[in-house]
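Enquirer: Below are the features listed in TrEMBL for this protein:
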| type | residues | note |
| --- | --- | --- |
| TRANSMEM | 40-58 | transmembrane segment |
| TRANSMEM | 94-112 | transmembrane segment |
| TRANSMEM | 118-138 | transmembrane segment |
| TRANSMEM | 150-168 | transmembrane segment |
| TRANSMEM | 188-212 | transmembrane segment |
| TRANSMEM | 224-244 | transmembrane segment |
| DOMAIN | 227-362 | domain 'O-antigen ligase-related' |
| TRANSMEM | 264-286 | transmembrane segment |
| TRANSMEM | 346-368 | transmembrane segment |
| TRANSMEM | 388-413 | transmembrane segment |
Amino acid sequence: MNSIFIPLCEYPGLKASVGKRRCFASEGFRSRRSLGEDPPTVRLGSFIFLFLAAFPLGQIFRVGILQPIDVVVGAAAIYSIVKKLPRPPVFKYLENFLFIAAVSWIFSLFLFPQVEVAYGVLYLFRLAAYFYFLIYVWSFVRVKKGNGELLINSLLIVSIASALLGWVQFAWVPSLRPFMVWGWDEHLFRLVGTFLDPTYLGLIIVFGLLISMAKFTETLKKQYLFIVMFLLISLAFTYSRASYLAFFTGSVFTGIYKKKLRMVAFSILTLLALVLLLPTSASPVLRLTRSFSAIARIENYKDAFQVFSKSPVIGIGYDNLCMAYQKYIGIQSFSSHACSGSDSSILFILATTGIAGFLVLVFSVIQISNLLPQGAEVQVLTSTFAALLVHSLFANSIFYPWIMGWMMILLAVSLGRKVES
């Protein structure tokens, strides 16, 4: 791995003399270069590639609510704070939502036992860590032209690796029935991969598809067409209807941006043909017309809305859904991995942070979109976000750790383009 460095003059409080390319301190600190020494440098990139390396491993090394990628992101966040890395202009909008989430958690101290609420604050710390991860990635992107493209290619490799591990699981562990004792849902003859959930693996594959489609329309290289076909087949075998809809939405946005509607139509029709040809006789859970999952999702919506109605303004605290279900709905299994979430990110936001949090988040997204420059990376980000938004109607995908990390990297790359230009 090559060493990536960022000069000290990039930090807040230090100014660079453009003519002589020397760093002078502006707050009582003197530049080492003014003393004839090389300026101090900070190694960047290590935590990003550790995150990308751990990404395809999914839930394999999970300990409680802690994931290996959470440890890496947390370390990157601490690094960003301690080293006072410069913040991108959009970070203040993320801080606004983080503030509302913190206020809602403090308010929850009056709703639930303090010992139980302490469990929810761990999710709040994780959310903050992923927001600060944006700072770390942005610093890496802006230090050298080409780092953004490197990260985009790395994300595509991660998506391919996740799909490949899905096929390994499909061949060796076609049934997740043995994993039910650890709180996982039973999935039969579906690509679930190391994430043990076809819905989330499907979305990660969709993200890879959007990148590969964008690259194919730009370069017309056959290798990207092969990647598109492989990921389409992999997506089909997740049997995830939410991921199918997400792909359709993201593809439409890609076609509009790239003005390559034939490519988009070909991809959508190929997926449709694959879905129609999929074997569905092995289990009723494989049928696209299955209704039991839709009924269960509607019940989950009702439960989340009932929790929201108990504290509609500020919510019940981020993330205290498990305790809220226990208090307002009835007995819920804390061992279930769905206990602290909702089958809709929108309802999750409303229930945990209330109308205040929802409005702040919507405002933040609008402001961030207004600050984005023009470019291919931004087009990929927009298509990916559109796919995520549709997918989040059927799963709590916006706050899924792997998805948060992916989106922070894409956002940092998009913002980095503005710096390069």
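The backbone N, Cα and C atoms fix where each Cβ goes, and this holds for glycine too.
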Enquirer: Quick one: do the transmembrane segment (188-212) and the transmembrane segment (40-58) reach 3+ CB pairs under 8 Å, ignoring pairs fewer than 6 apart in sequence?
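Expert: Yes, the transmembrane segment (188-212) and the transmembrane segment (40-58) are in contact.
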Enquirer: Is it the case that the transmembrane segment (224-244) and the transmembrane segment (388-413) have 3 or more CB pairs under 8 Å, with pairs at least 6 apart in sequence?
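Expert: They are in contact.
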Enquirer: Can we call the transmembrane segment (388-413) and the transmembrane segment (118-138) in contact, meaning three or more C-beta pairs below 8 angstroms at a sequence separation of 6+?
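Expert: The answer is yes, given that the two segments have at least 3 Cβ pairs within the 8 Å cut-off.
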Enquirer: Before we move on, state whether the transmembrane segment (346-368) and the transmembrane segment (94-112) share at least 3 Cβ pairs under 8 Å, counting only pairs 6 or more apart in sequence.
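Expert: Stretch pair touches.
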